[in-house]
Structures are given as structure tokens and as C-alpha cells.
């Protein structure tokens with residue numbers, strides 16, 4: 001027997017081994033080897049005798065999918081000698097007795113997924129191959145650390161945040177009163193990587209496309225919503241969540257992804273935009289694509305494909321709810337992922353918008369992106385994919401029309417700064433926020449901004465051309481800080497800029513709205529008459545009582561106030577809009593015990609019901625990446641003024657700083673959160 005025999009193949013897969021450390025995959029809870037493409041990893045092969053390079057011929061073979069083919073990139077042999085190389089490079093790193101250490105460098109465009117590994121030896125009688133050994137399967141991911149990979153991100157801190165950080169902050173509320181909530185992306189938790197690969201299987205995505213980051217992100221933006229392909233999450237904006245988990249109740253992505261993969265693809269109920277964005281972010285970071293969640297405040301969701309959000313008033317200047325169809329979301333969350341765009345001209349790589357919230361179809365499916373942020377900023381909206389939709393989300397004008405008696409519409413006021421007021425994402429490596437509005441648009445009113453809008457019009461975006469004369473009376477509604485259930489005054493600030501008297505009949509409506517701008521119930525309608533002396537400024541206060549709105553509030557406790565009116569002397573229409581976001585009570589999360597790996601610790605969640613009514617069927621959830629798996633508890637009733645305390649034990653699995661995140665949810669009160677930070681010692 002002259003030929004080599006293989007005794008053992010060791011893929012060096014322990015977290016402390018060279019591979020996982022060098023490839024930044026040591027945090028994955030997985031017993032398999034996980035490496036990134038375009039970077040060398042090592043395996044050790046033990047033969048029955050020392051290896052002789054001159055005579056012995058062997059290859060390490062990588063196989064993915066059911067019918068491997070060399071031409072499709074699903075069967076790849078790797079050879080140890082310089083003379084003979086394939087698309088992946090191999091070299092002998094060291095030899096000692098019967099053991100050789102081989103270095104293997106995958107190609108920067110190789111398929112991302114789970115490969116089987118075999119070692120084959122040429123013998124006089126044919127090729128002899130090792131048996132299938134599931135324990136030595138290898139996951140290969142995208143590599144933002146390698147300049148050769150299209151997802152390369154040349155900034156270590158940014159990579160630390162957008163790939164390695166399992167904790168996120170998602171912004172919501174309104175632009176002048178931003179609320180935030182913590183989220184556990186959990187991209188390294190057990191089973192999450194398999195769930196992300198399962199999503200591509202469920203989409204019947206050809207294996208040969210799975211090395212292309214543009215195709216992977218586009219497929220994922222369709223697969224994370226359940227519309228038209230039984231994807232991961234079912235959207236629900238109705239307020240009735242009887243058959244699933246309310247979107248406001250989730251605290252992380254892990255449970256959602258494991259549910260979906262565990263049921264072999266039954267969509268999970270329910271999601272709204274930030275849940276789609278957060279789970280998509282887990283998918284991106286898990287596969288090695290730099291990703292972040294972005295919130296756009298006052299996001300236009302335009303139903304008729306132009307850059308106009310139309311608000312219709314009757315001839316006296318009173319809001320006509322039935323004819324006003326376009327909706328402005330108080331905020332909308334989407335994702336940005338980082339990649340080179342070889343399919344676009346130079347300069348349009350970098351951050352790309354992808355959005356899994358099912359708003360509009362793109363090529364026949366509910367998906368959006370990847371759209372280049374640079375292309376959106378410069379009005380180059382002809383470039384794929386879906387740039388016109390993203391452009392409208394941040395650039396639409398709000399136009400008030402007066403409907404004459406004969407049904408014709410006349411533009412009476414144009415507000416160009418309301419939509420896309422602010423775009424936020426979490427700061428790098430700390431809990432502050434980063435304002436990235438200037439990535440999406442030039443400063444309002446600047447000459448560059450005008451040029452961009454003209455450019456967008458060349459590509460078919462319509463804008464309102466009517467020039468509306470400046471009126472001489474202004475009205476504004478200032479922001480308020482209101483706790484849920486309180487009485488409060490809405491102030492209308494009038495200012496007469498003319499040197500004559502002015503009088504107006506003003507209509508002010510207060511409507512409870514979903515965060516998507518969809519009205520639910522009217523809680524205020526007043527018609528004050530206002531008289532202004534020349535150059536006078538005057539405040540008109542309107543009382544809003546807790547009992548009038550409390551039982552009508554939905555979800556995120558927003559009341560949208562619109563004041564409109566007509567100046568008697570000039571016929572000028574005056575308008576003001578304000579969304580007041582109510583502040584909910586908070587959960588108090590406390591931790592006791594010694595913060596060390598594997599030591600038992602206690603966490604308590606406390607809540608007091610501050611209202612005059614009982615909270616029923618209350619759902620509490622809690623989790624923390626690396627320290628505590630998802631837990632939940634239900635209370636059938638929390639009476640007015642009473643407190644609850646929920647205590648759980650946990651043992652941290654790994655060292656480092658992390659958070660425990662808790663949420664409380666019931667039909668009468670949504671979006672109640674609490675969190676605490678802790679640092680675990682080794």
C-alpha cells in the first residue's frame with residue numbers, strides 16, 4: 001500500500017482557535033467552523049505517514065447544495081501545490097510528522113452558505129475520498145474586513161458597530177421629541193445563522209446567486225415580509241393583534257427568526273416597520289453584510305407616485321378628511337447596508353437603502369432596494385433599485401388645496417420642509433444618536449437642493465409648480481411634553497405681519513393617529529374666532545382633556561393637530577400641523593448578584609399602573625444578548641395604582657458589556673419599555 005491514508009481532519013473550529021479569532025466569528029454560538037471569504041483559514045490533516053509533496057497528490061474538496069458542479073461554483077477542489085491551483089488557493093503552512101496544516105483562501109465572490117468538506121487522495125486504483133462528516137461542515141460568510149470583498153468597509157469602529165454589535169437602538173416618536181427603544185439583534189445566538197440561510201432556501205434562491213450581495217439583499221427585502229412569498233413576518237397596522245404578538249411587544253429578533261425556521265417557514269405574526277427593519281438588520285449582520293437601522297421622521301408614503309402629499313380643505317379652510325388620501329408616517333424605519341455597486345457608475349457604492357416593510361411592489365413583489373443613498377441625494381433616481389420611492393419618502397412637498405364649490409382644486413399653501421425632516425441612526429460604539437439627514441439631501445433651500453429636485457423631475461418625478469403668494473398672517477403650534485392621560489393645552493401662536501387688523505375663523509382638529517398617519521378617532525374639534533391688531537402676536541389656548549382621548553388612544557399614543565382657517569379680509573388660508581407624541585410610563589429593570597460568567601444572577605422588572613382603570617391581559621417580555629434567553633410572563637389584570645414585580649434568574653454565558661431589555665404590552669397600553677446595562681466579568 002503505497003498511497004496516503006487519511007486518519008483525521010481537524011477544521012480548528014473552537015472559538016479560541018486561530019480561525020474564529022482571525023475571522024471575527026468567535027462570538028457565534030455554533031459548534032461548526034465559521035469563516036469569512038477572501039481570507040485564509042487553516043485546517044489540519046493527519047495522514048498515516050509523513051506527506052511527500054513530490055509523489056503524493058491530494059485535494060480538499062468543498063461542496064454546497066444537492067448537485068455540486070465546478071462550473072456553478074458549488075464544487076471546489078483546493079490543491080496544496082503552487083503548480084496546480086483552482087479558484088480557491090491552497091498552501092501548506094507547516095508539516096510535522098504525519099500532520100500537515102493547510103491554509104485555504106476562498107475567492108471574494110464565492111457562495112455564502114454551509115459547505116461540506118472532503119479530503120481526496122489520488123491512488124493507483126482511483127480517487128479515495130473521506131467519508132461525509134457533518135461535524136466538519138464549514139459556514140462561509142461575507143467579509144467586510146477584506147478589501148477584495150464587495151462588502152469591504154474600511155473603518156474598524158464602523159465594522160465593530162455594524163457587524164459585531166448585537167445591541168441596537170431604534171428611534172421613533174416625532175422629530176422634535178425623539179423616543180428610543182433598545183433591541184436585541186442577537187445575530188450570534190444559537191440557530192440564527194441557520195435561520196438566515198433558511199430564508200434564502202425558502203425563497204428558492206439559486207445557490208450561484210448567493211455570493212452576490214446585491215441579489216442577497218434584494219431577495220431578503222422580499223422574504224422578510226410575508227406578502228406574496230410566505231416570508232418571515234406578517235404586517236399588521238389594524239390595532240387588532242388577537243392572533244399573534246403585537247408589534248410593540250417584541251424586544252429582539254432571535255425569537256422571530258427561530259420561530260420561522262423552526263416551523264419550516266410559517267410566517268410570524270405581527271410586525272410593523274421597525275420590526276421588519278430590526279430583523280432585516282439581524283440577517284445582514286449575521287451573514288457579514290454591514291447593516292444599520294435608520295429612522296426617517298415624517299416619511300411620505302405617497303399613493304399616486306408624485307412628490308406631492310395632498311391635504312384637501314373645503315372653501316372655508318376646514319379639513320376634508322374624506323378626500324385626503326396620502327399619508328405621512330410620523331416615522332418610518334428602513335435599513336442601510338454597505339456594499340460596492342459594480343452595476344452602477346462610480347460614486348454610487350457605499351450605503352444602500354433596503355426596506356422590507358411591504359409598502360409598494362417592485363418588479364411585481366413587495367420589496368425595496370438596494371437603492372444607493374448617494375443616488376437619492378443627487379437626484380439620480382434612474383439607477384436600480386427603487387430609488388424614486390426612497391427619494392419621495394424624504395423629499396415630498398406637503399400641499400394644501402382649497403376645493404371650490406365646483407370641485408376644482410386650488411393650491412393655497414406649500415410646505416417643502418415637513419417631509420424627511422430628520423434621518424437618524426445609532427452612533428458608532430455608544431448609545432448616542434447620529435443625524436444622517438445630510439446623507440439623503442442637501443440643506444433645505446440651498447441651490448444644490450434645487451438642482452437635485454430638477455434632476456429628479458427629468459426622471460419623471462412630478463412636483464407642484466403653483467407659486468403661492470406669501471400671506472401676512474402666520475400660525476404655529478409649539479411642541480408639548482405630555483404624559484399619557486394628562487390634561488394639556490394646545491397653543492396656537494398667531495402673528496399678524498401687516499399694518500392692518502386681521503380676523504379669522506379657525507378650525508382646529510385633534511385626531512388620534514397610528515404612526516403611519518392613518519386617522520383613528522377625532523378627540524377635539526374647536527372653532528375659535530381670532531382678532532389680531534396690526535403687527536400683533538397672540539396665543540390662543542385650547543384645552544384637551546385626558547378623559548376625551550384616553551379611551552381612544554391607539555398603539556403609540558400620537559395625536560395629530562391640524563389648525564386651518566381663512567383670513568376674512570384677504571381670503572388667505574393659514575395652516576399649522578403638529579404631532580404630539582404622548583409619553584408612556586417606564587419599566588424599572590434592576591439586576592442583583594455578582595456579574596460573572598456562569599454565576600447565578602437575579603433580575604427584577606417593576607411596573608406601577610398610573611391610570612384610573614385596570615390593565616388587562618398584560619404581556620411582559622425580557623431578554624439580553626449573551627446573558628439571558630428570551631422570557632415572558634403574563635398578568636391577567638393590574639388594578640389602578642397597584643404594582644407588579646417580576647423576578648427571574650439567569651447565568652451569563654459570556655463576558656463583556658450588554659443590556660437586559662424588557663417590554664410591557666396590553667391592549668390599553670403599548671410601547672412600555674425598560675432596560676439596564678451591565679458588564680459581565682470573565
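Using N, Cα and C of the backbone, Cβ positions are placed for all residues, glycine too.
Over in TrEMBL, the protein carries these features:
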{"type": "DOMAIN", "residues": "265-358", "note": "domain 'Transglutaminase-like'"}
{"type": "ACT_SITE", "residues": "273", "note": "active site"}
{"type": "ACT_SITE", "residues": "332", "note": "active site"}
{"type": "ACT_SITE", "residues": "355", "note": "active site"}
{"type": "BINDING", "residues": "395, 397, 444, 449", "note": "Ca(2+) binding site"}
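Note on proximity: of the active-site residues 273, 332, 355, the one nearest residue 449 (Ca(2+) binding site) is 332, by Cα distance. Here residue 395 (Ca(2+) binding site) is compared against the active-site residues 273, 332, 355, and the shortest C-alpha distance is to 332. Residue environment of residue 355 (active site) contains 31 other Cβ atoms, counted within 10 Å of its Cβ in all protein chains. Taking the C-alpha atom of residue 355 (active site) as reference, the shortest distance to any of the recorded positions 332, 397, 444 belongs to 332.
For residue 332 (active site), the recorded positions whose C-alpha atoms fall inside a 10 Å radius of its own C-alpha are 273, out of 273, 397, 444. Other Cβ atoms within 10 Å of the Cβ of residue 273 (active site), summed over all protein chains shown, number 28.
Cβ packing within 10 Å was compared across the binding-site residues 444, 449, and the lowest neighbour count falls to 444. In sequence order, 307, 308, 309, 414, 415, 416, 419, 463, 464 are the residues near residue 397 (Ca(2+) binding site), counting only same-chain partners six or more apart with C-beta under 8 A.
This prediction places the mean pLDDT of the domain 'Transglutaminase-like' (265-358) at 92. One way to see the shell of the Ca(2+) site is to take the Cβ centroid of 395, 397, 444, 449; the remaining same-chain residues with a Cβ within 8 Å of it are 416, 417, 419, 420, 441, 453. For the pair residue 273 (active site) and residue 444 (Ca(2+) binding site), the Cα-Cα distance reads 26 Å. Residue 332 (active site): 27 other CB atoms within 10 A of its CB, across all protein chains. Around the Cβ of residue 395 (Ca(2+) binding site), a 10 Å sphere holds 23 further Cβ atoms from the protein chains shown.
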